[in-house]
């Protein structure tokens, strides 16, 4: 019940305080956490565990935000806190007047960095969402370079009689050397570890040893040259993991996973216990003004830094950081044992106020771990901050993730914008083409990522079945590969990979190259005037113009080459004419497709009684009407069937074309000029 309210790190510090008090009560001198022991033996396992199992996708997608918080935010905290503490020392009287600017800046650089051990201990218990966790934890990992540079810089400047502009410029450049140098050392050892694991198939027992050995070598090599050991460990773990896991056996993978978790947990426990013991055993100098000012300015600097930097970052982020997120990031800036150990390393000769610095740092650590660590869980629940979703990755999710990556890469290529998806795709291609062949043994170097992920999930499912005792109920979906990996007594069967013939593969590549290569040519901007012209567009326009001219000529012929219309006869004269000469109103031979007009000569009706019947009679479906239908329906005028699309009636003369029909009808049935047909392209005259 206590652990649900109080974080484990707080309980461990309380245990350390009790143990230290007990040791001191019996008259013995309690042990103090030495800086060498902390940096050489206790810190590396925690950082290696964090770097080896780092969620790489979330880390790379938010790398810009993490770097801004880690570099700019830490610099802001160090100089803001150091400057204000120098002002406090100058205004506080003779007790603090002797503390100079460099000493206060050094103190600010020590206490400004967020501690990865404290963040891990608290954030893993509250199960915060992945975005906030990677932002705060990534900041605590990467700000080590800034802390190391500022610490050594101000420590060296304290020994100088005068600091010149050149010293400041060299100190600024040393930041890039320390950070990038640490990353470079880590990458080198990570590649060596991956290459070594390629040849360990016959000695599986010592495979985990190479992971620990090369990682620790990377850390020691970086610390030897005063580079960032934490960044070297992270780089080595991130680089070696995908290649090492492809080479080593499943038992070795399980050993690495659980040994790292156990090792980091033991180190974390010892660190917090020794913090409590050292608090009791250390020499302290309490100054109310200095300690309270330090605590207050630490909180103010953190809040201001997060608010200002987030306002700037949100201008470039697609997923904005909400006010709730900003509060959790500011509230999660915990301090821990790294600040304590760095302060313990200070020399009494140059920093006589070391005991007061230690007292202020321990006060800040206790406040952040106890007060902020204990209240962050209820605040997360109160603010309804999104928590981590414990879901297992599926094949469906992996397929859609890769599909979206390829889609976004293609969109960037088409737009001519080379964003991080483009460079990520380039890196993946280089990795697949060159690096995997050198660092991964056997056929697994050619295995697609999706198939590798499928076999990994298959293995996990089979192991869960075995552990649950359901080996006799294994479904057919689990292939024999998983069972063979679980039970190594059976002979291993080589995995069959789908392979294409060389000719087929070359043919596919040729098609894709011819059709897709042009999309990677970067365009300056989209402009309708710079688009490539369609070669068929001009010919099509010419054809439309010719059709329009032909229709205009036809309209003129209809208007000017017709016989003047007769006067309208009275109804009596019309019936008499039809009755005297009915053959004059029989359909012509070439007028089979005209509309039907039925006229009853015997009915004494007005001309308005002319009934326009169905314009598409039964016989107009492609067959001539029967004589019985003609007798029943009366006189018919049939409509010509529409021509097939794509034909040009200007250049395809037909006897039954609409133009010929109109020419034949113009003498017998003159009328007003025909209006343009519906759907006819409108082109003004004169074009």
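Quick reminder: no glycine exception, Cβ is built from N, Cα and C everywhere.
Under the heading coiled coil, TrEMBL lists 502-529.
The compositional bias 'Polar residues' feature in TrEMBL is assigned to 653-663.
Here the domain 'Sodium/hydrogen exchanger regulatory region' (478-562) returns a mean pLDDT of 63 for the predicted model. Among the features that TrEMBL reports, domain 'Sodium/hydrogen exchanger regulatory region' is placed at 478-562.
Per TrEMBL, the feature region 'Disordered' maps to 597-687.
Sequence annotations record features per position, and here TrEMBL assigns transmembrane segment to 6-23 (among others).
Sequence-remote contacts of a segment are chain residues at least 6 beyond its ends whose Cβ falls under 8 Å from one of its Cβ atoms, and for the transmembrane segment (35-54) they are 116-117, 120, 137, 141, 211-212, 215-216, 219-220, 223, 229-230, 233-238, 240-241, 256-257, 260-261, 263-264, 266-268, 270-271, 274, 337-338, 341-342, 344-345. Annotation source TrEMBL lists transmembrane segment at 35-54 (among others).
Sequence-distant neighbours of the transmembrane segment (66-89) (same chain, 6+ residues past either end, Cβ-Cβ under 8 Å): 59, 96-97, 99-101, 104-109, 111-114, 134-135, 138-139, 141-143, 146-147, 150, 289-290, 293-294, 297-298, 301-302, 304-306, 309, 312-313, 329. As annotated by TrEMBL, transmembrane segment applies to 66-89 (among others).
Annotation comment: TrEMBL describes 101-122 (among others) as transmembrane segment.
Taken from TrEMBL, the feature transmembrane segment covers 134-154 (among others).
Long-range contacts of the transmembrane segment (166-196) within the same chain, counting only residues at least 6 positions beyond its ends with a Cβ under 8 Å from a Cβ of the stretch, are 145-146, 148-149, 152-153, 157, 160, 210-211, 214-215, 217-218, 221-222, 225-240, 243-244, 247, 438-439. Annotation comment: TrEMBL describes 166-196 (among others) as transmembrane segment.
According to TrEMBL, the transmembrane segment annotation covers 216-239 (among others).
Distant neighbours of the transmembrane segment (260-282): 9, 12-21, 23-24, 29-33, 38, 41-43, 45-46, 48-50, 52-53, 117, 120-121, 336-337, 340, 355, 358, 362, 365-366; these residues of the same chain sit at least 6 beyond its ends, with a Cβ under 8 Å from one of its Cβ atoms. What TrEMBL lists as transmembrane segment is 260-282 (among others).
Outside the transmembrane segment (288-314), and at least 6 residues removed from its termini, the chain residues within Cβ reach (under 8 Å) are 64-65, 68-69, 72-73, 76-77, 80-81, 84-85, 88-89, 92, 95-96, 107, 111-112, 320-321, 325-326, 329-330, 333, 335, 356, 359-360, 363-364, 367. Residues annotated as transmembrane segment in TrEMBL: 288-314 (among others).
The transmembrane segment annotation in TrEMBL covers 326-345 (among others).
TrEMBL lists 357-380 (among others) with the feature transmembrane segment. For the transmembrane segment (357-380), the residues of the chain that approach it from at least six positions outside its boundaries are 5-7, 9-10, 13, 107, 110-111, 118, 121-122, 125-126, 128, 275, 279, 282-287, 290-291, 294-295, 298, 327-328, 331-337, 339-340, 343-344, 346, 351, 387, judged by C-beta separation under 8 angstroms.
Contact count against the transmembrane segment (134-154) (Cβ pairs under 8 Å) is highest for 101-122, out of 6-23, 101-122, 216-239. Beyond the ends of the transmembrane segment (326-345), by six or more residues, the same chain brings 32-35, 38-39, 42-43, 69, 107, 110-111, 113-119, 122-123, 128, 132, 135-136, 144, 147, 151, 271-272, 274-275, 278, 298, 302-303, 306-307, 310, 354, 357-358, 361-362, 364-365, 368-369, 372-373, 376, 379-380, 383, 385 to within a C-beta distance below 8 angstroms of the stretch.
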